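Asks: Structure incoming, see below.
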Amino acid sequence: MKLEYNRIIDSTLVKADTLPHEIDTLCADAHKYQFFAVCVNPSYVSYAKNILKNTAVQLCCVVGFPLGQTTQKQKVYEAKIAIKEGADEIDMVMNIAEFKKRCACVITEIRAVKKVCGKRKLKVIIETALLTNDEIKDAVNVCIDGNADYVKTSTGFSFRGASLEDVQIMNNAAANLIKIKASGGIKTAKQFIDLFQAGASRIGTSNAVQIMQELKKMNHEYH
């Protein structure tokens with residue numbers, strides 16, 4: 001049986017000028033293609049939840065986004081509100097500056113947000129574009145120590161998004177102790193398949209429909 005690629009997609013819309021009708025389309029497409037989740041900014045959680053309430057599509061919300069430069073208390077509060085308004089998953093940005101200082105507070109912060117999430121999945125964005133290869137490995141281990149469910153490549157707001165090398169490094173460091181989400185600049189079916197084969201078990205993209213249409217032409221199975 002072929003993999004159902006649609007079931008590893010987080011269809012994403014987190015740009016600053018997002019309008020309600022764009023969220024309508026995001027959610028309608030997610031239901032049509034049966035994507036695993038949609039990912040939105042905090043201001044659209046309750047709006048998107050109302051649209052998705054009779055579907056199987058999960059709702060993901062970003063926290064500390066896109067810079068990660070909010071405090072632990074702020075990230076915890078933001079996650080609490082998002083969950084209260086209907087978020088099923090949280091994608092949180094790691095404090096990259098504190099990580100580079102090797103501060104143990106980064107692990108404490110991840111654990112604090114995971115405690116709020118409970119059984120809901122927590123994905124931690126490490127912004128690989130700003131890290132060396134060794135720092136990427138260390139960041140994966142920090143996320144493992146923080147009890148995160150996923151380590152995620154990128155916000156999509158830095159100078160580049162996910163690369164194949166990033167995911168390969170993350171996959172080797174993860175050692176099956178944490179899952180990997182690739183995101184940022186994923187626009188083609190080839191990128192999608194390459195990143196999946198490199199070890200990403202969830203892929204975030206703002207080009208989900210186009211990718212599914214390309215996959216169909218390539219005769220990959222999907223719903």
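Including glycine, each Cβ sits where the backbone N, Cα and C put it.
Here Swiss-Prot flags Asp91, Lys181 as active site, proton donor/acceptor, drawing on sequence analysis. For Lys152, the entry in Swiss-Prot reads active site, schiff-base intermediate with acetaldehyde.
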Asks: If you measure the residue listed as 'active site, schiff-base intermediate with acetaldehyde' to Lys181 (active site, proton donor/acceptor) at Cα, how many Å is it?
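Replies: If we compare the Cα positions of the residue listed as 'active site, schiff-base intermediate with acetaldehyde' and Lys181 (active site, proton donor/acceptor), the gap is 5 Å.
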Asks: Pop the Cα-Cα gap between Lys181 (active site, proton donor/acceptor) and Asp91 (active site, proton donor/acceptor) into the table, whole Å please.
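Replies: Just about 10 Å between their Cα atoms.
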Asks: Can you tell me whether DSSP puts Asp91 (active site, proton donor/acceptor) in helix, strand or coil?
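Replies: SS state of Asp91 (active site, proton donor/acceptor) = strand.
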Asks: Going along the chain, which residues six or more apart from Lys181 (active site, proton donor/acceptor) have their CB under 8 A from its CB?
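Replies: Expected: Asp10, Asp91, Lys123, Tyr150, Val151, Lys152, Thr153, Ala200, Ser201, Arg202, Ile203, Gly204.
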